[in-house]
Amino acid sequence: LQGIFVLGLPYALLHSGYSGLLLLVLAAALCCYTGKILIACLYEEDEDGQLVRVRDTYEDIANACCKKLSPKLGGIVVNVTQVVELVMTCILYLVVSGNLLSHSFPYVPVTEKTWSVIAFVTLLPCVFIRTLKIVSKLSQLCSLVHFVIILVVMTYCLTQIHQWSWAKFRLSIEFEDFLVSVGVIIFSYTSQIFLPTLEGNMKNPEEFRFMLNWTHFFACVLKTTFALIAFLTWGEETKEVITDNLPSFLKMLVNLCLLTKALLSYPLPFFAATEIVYSCISEGNHSNYRFPLLALSVKGSFLLLTLLMAMFTPHFALLMGLSGSVTGAAMTFLLPSLFHLKLKWKKLSFLEKCADISVFILGFFSSLAGMVCSIKGLLEVFG
């Protein structure tokens, strides 16, 4: 969801004012930190004091923390949380694809749900993806398309530089609107679900921390620059998705780019979710694919599930917000800090313990606030 959330950052600045700029930096630092401590939980020191990777997945970390209660309890909780978040992400991509196609071709007598089915057909080859290498190539193309979208928006904004004014920033903010901004900003950096797999597949895993530092630094700089320039261009007229502010001749181009990005983004969460489920069913033999028919059945079922939920789930945006508040905060802040404290307590310094506890508290209140806002919205919708 990185790209979709990025397009909402100018709108977040509209409701958070100057504090939003600080939040963009703080969120990058916190997500980078929780990514590092999560990966640290994969390693233990051997007899010679050398770090050895003794765990492979988020599930393994959770099981190690909860082994006194139940050998598999932690893994079940983490897997369910991961699958829910990943499936909801896949559904959102289908919903977005149908919406974009509908707005790109308004004169075609086809409903938005039918457009979602058409987008779904293009995603059927996902059932044959067997390695992360293929997914990574698709993600590279996705990043290229995302760059084109950002470039188009920023280029147009720079042509409107004569309209910029710092007076457009708010000094006073509404608390509920601020909470919405916090959610958009924080979750534009989340990637913890994929980090154990990513680190395990790196040719040089020892460079992971270096990679994480620089990717979060550049992400922070680019996102802050993009959000600031776009907000200074449109001010109070900034819309929830900034591309809706573009003139019609650019909106069509950007919508088609967003559609391409959504379709290219789908395989990553889909692959991750099906790998988790297949691993549980086949008792860890997912990498060898000893049961190809079972693997195809799992992937086909998931693909169909995302389509059905995209077409028939009412008020999906609010439900997505509720799910994101629970699963997103849990996977990004709550669980990494909790697991790190549990597994590394004796080796952590006082400041490291304070940092983990602070992140946990922040994640708890962010999750609680997001749940309250989402539930309130659902109650209003259902009367």
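Cβ atoms here come from the backbone N, Cα and C positions, even for glycine.
What you are looking at is a predicted structure, and each value in this text was computed from that prediction instead of being measured.
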- Query: Which one of these stretches, 10-31, 318-339, shows up in TrEMBL as transmembrane segment?
  - Reply: 318-339
- Message: Please tell me whether the transmembrane segment (144-166) and the transmembrane segment (210-232) touch - that is, whether there are at least 3 C-beta pairs under 8 Å between them, with each pair 6 or more apart in sequence.
- Response: yes
- Using a Cβ distance cut-off of under 8 Å, indicate which of 76-95, 178-198, 293-312 has the most pairs with the transmembrane segment (115-132). 293-312
- Message: For the transmembrane segment (178-198), give me same-chain residues lying six or more residues beyond its boundaries with a C-beta closer than 8 angstroms to one of its C-beta atoms, as numbers and ranges.
- Response: 1-2, 5-6, 8-9, 11-13, 15-16, 19-20, 23-24, 27-28, 30-32, 34-35, 38-39, 42, 56-58, 61, 82, 85-86, 132, 216, 219, 223, 268, 272, 321, 324-325, 328, 331-332, 336, 366, 369-370, 373
- Residues of the parent chain within Cβ reach of the transmembrane segment (252-281), under 8 Å, 6 or more residues beyond its termini: 1, 3-4, 7, 59, 79, 82-83, 86-87, 89-90, 93-94, 96-97, 100-101, 103-104, 119, 122-123, 126, 129, 132, 134-135, 138-139, 141-142, 145-146, 148-149, 152-153, 193-194, 197, 243, 246, 294-295, 298-299, 302-303, 306
